[in-house]
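Below is a structure I'd like to ask you about.
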Amino acid sequence: MELWRQCTHWLIQCRVLPPSHRVTWDGAQVCELAQALRDGVLLCQLLNNLLPHAINLREVNLRPQMSQFLCLKNIRTFLSTCCEKFGLKRSELFEAFDLFDVQDFGKVIYTLSALSWTPIAQNRGIMPFPTEEESVGDEDIYSGLSDQIDDTVEEDEDLYDCVENEEAEGDEIYEDLMRSEPVCMPPKMTEYDKRCCCLREIQQTEEKYTDTLGSIQQHFMKPLQRFLKPQDIEIIFINIEDLLRVHTHFLKEMKEALATPGAANLYQVFIKYKERFLVYGRYCSQVESASKHLDRVAAAREDVQMKLEECSQRANNGRFTLRDLLMVPMQRVLKYHLLLQELVKHTQEAMEKDNLRLALDAMRDLAQCVNEVKRDNETLRQITNFQLSIENLDQSLAHYGRPKIDGELKITSVERRSKMDRYAFLLDKALLICKRRGDSYDLKDFVNLHSFQVRDDSSGDRDNKKWSHMFLLIEDQGAQGYELFFKTRELKKKWMEQFEMAISNIYPENATANGHDFQMFSFEETTSCKACQMLLRGTFYQGYRCHRCRAPAHKECLGRVPPCGRHGQDFPGTMKKVRLSHAPSCLPKMEVFQEYYGLPPPPGAIGPFLRLNPGDIVELTKAEAEQNCLCMAMWGPGTGNTQTLSLVYLCRYAGPMERAGAESILTNRSDGTFLVRQRVKDAAEFAISIKYNVEVKHIKIMTAEGLYRITEKKAFRGLTELVEFYQQNSLKDCFKSLDTTLQFPFKEPEKRTISKPAVGSTKYFGTAKARYDFCARDRSELSLKEGDIIKILNKKGQQGWWRGEIYGRVGWFPANYVEEDYSEYC
């Protein structure tokens, strides 16, 4: 048997690879084993399986998403632990890039073989490898592996099922504390009986939890005050006394509500306390640091260690340590929505059910907020690792948003036209261009993205050579610019998507809606969105704040925030309002803020476009929401004709765009999705791009004598008329191989039913309907529109987030933004 297959078998025996993983299938290739191991996560878990707690998994990034920096950090943690804990020699270890770049995967197999023969590994009763005296040589199959590895492949979520989950450990402690004496249940329970059980569980677990908070204060916090400094007490116990006060009142009001007939007012208690439970924001953001500080203090002082053991004995006969109990509040706040969900499921009366759903929404929102605090803590650790590895960096990276992507590229600039090997870190608001020096990075250029834009260049894509795939990063004023080159077309696409996402985070759609000036903002206190009243999630850059009226909002809610209370100043946009004494009261006059030359064009049936220059004053004569355009009359000498101004981009219009740009937008969309674009090489011409039979087709729109056509057979007075006709009539009359209509404008959600998956297609676990809009913040997330139907692929990943698919796109989305179709509690 080939050595890599023996290695696969050993990893399965070590409970690192699932037995059904595709690397075990007939026809499996060695590159699939390399792909599974190259982020370092499973290797670190392997060492913990062989020797419990060999690696502190808090120091391992469990979701590196192929970030080169994080993957290499994981791999180096594995290699150093092999030496320190398992006694491997340096000569037996592979180099980090041997795995990540698959430069020498044979050496990786050799290291794992050496690990399998160590006494620690053999003590687990697992047969080492190679097991045969003469194993089949693998040297030939390892050559060229680096070309087969895909840097853009999506994570295989099933791979991480075997990774230890610290949250699961905390959950076990919580369940143990909340466990009740078994109650004798009637043989056949009615829905009323089940509802009573739910109410009883809500009360009993709240009583036990409040007692646990009291025990932490009484049996740990007060006795330790004589041994520790006040600052140590504050770091370890955070705001546990605030939690105790809140829950003492909460329990009292809960009992009063439960004592009323049918507990009809219970929902009001949960809604009322949602805001008071925001004290958990501070606790959950600091509990990990509290545990680490407790460990350090106990390790440094034997008297503190002995006192902790004594406190534990008095509190619960030594069953739970203080470290265990500190994790319980986070577990409790994440349980309320589950308890209420079960109560809704067994409530029959319609009004009560609707009321309880309001409470359920409130607790889901709270749970999502807590989960995002935990996620942001992980993100901040990642940023700190970046910060410590980059030399000559004199500013905090946390001020520039969340990391988007990092990795190797080649670059040219206005100053230096020759390609330079560089390593780049992209964040929401900045690009760091570095030169790699071993395990550290020397900062060469810091690019503030506020004044830059991305432009595609597909000239290198045609050659399909390594490092020929390029796009441009251009300063708005044109004084500075970069050409960024990537190893493969797929990597270029991945980087370009993240750049576009970063710039859309800086300048989001609807940033200036209703007179506001929204900017990314880090809120010090937990805050609710002005539009939807749901919480802004996380610990930094949680959302947007209007620079004028300070209104907070989610990215997806910017267009729905009520008008700015302080919009007397001019605000950016195509136009700004002006006060004119002779302006009619019905519709306003406006001053032109930006040039308009008829692109995008107005609907043909309404009339010709009106050319505008900055400073012109125009009168609004007609405004119809359905038309996406405004009719204006020009004010000024020699004017007076009413003409049409198309003010809002049509949902199908993409602006100036080359074929490659249209293909990148439509490739992952459903068949029938289309856009209308202006041709870059000839600004007077347009084209339609449409996804059909898995390919993106391009149709030139011909113009002559004021008419638009895609075939000589039929002409139209305007682009809108043409598009609307082919939304109703098949294109096969013009192109025999194109039997489809223009179905889905690319900016609109596709309204369609999800069918059962075909045999061999991606497995999913039911569907869900989006209840709210959600704007993705990076490439791993999935944007949603209210009413979208999402295939649920995974519920086990990041707590509070599900993985789903919609319109061919796959990513994570917040679970509390959707309602499962056909769920039992609906």
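Placed from the backbone N, Cα and C atoms, the Cβ positions cover glycine too.
TrEMBL feature annotations, pasted as is:
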DOMAIN    1-119  domain 'Calponin-homology (CH)'
DOMAIN    194-373  domain 'DH'
DOMAIN    402-504  domain 'PH'
DOMAIN    515-564  domain 'Phorbol-ester/DAG-type'
DOMAIN    652-746  domain 'SH2'
DOMAIN    763-823  domain 'SH3'
For the domain 'DH' (194-373), would you mind checking the mean pLDDT of the predicted model?
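For the domain 'DH' (194-373), the model's average pLDDT rounds to 94.
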Go through 1-119, 402-504, 515-564, 652-746, 763-823 and flag the stretch with the largest number of C-beta pairs under 8 Å relative to the domain 'DH' (194-373).
515-564
Please work out the helix, strand and coil residue numbers for the domain 'Calponin-homology (CH)' (1-119) from the DSSP assignment.
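Secondary-structure composition of the domain 'Calponin-homology (CH)' (1-119): 75 helix, 1 strand, 43 coil.
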Check the domain 'SH2' (652-746) against each of 1-119, 515-564, 763-823 and return whichever range has the most CB pairs under 8 Å.
763-823
Provide the three-state DSSP residue tally for the domain 'PH' (402-504): helix first, then strand, then coil.
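Each residue of the domain 'PH' (402-504) counted once, the result is 23 helix, 55 strand, 25 coil.
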Per DSSP, how many helix, strand and coil residues does the domain 'SH2' (652-746) have?
21 helix, 37 strand, 37 coil
With helix taken as DSSP H, G or I, strand as E or B and everything else coil, how many residues of the domain 'SH3' (763-823) land in each class?
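Residue counts in helix, strand and coil order: 3 helix, 28 strand, 30 coil.
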Count the residues of the domain 'Phorbol-ester/DAG-type' (515-564) that DSSP assigns to helix (H, G, I), to strand (E, B) and to coil, and report the three numbers in that order.
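For that range the per-state counts are 7 helix, 12 strand, 31 coil.
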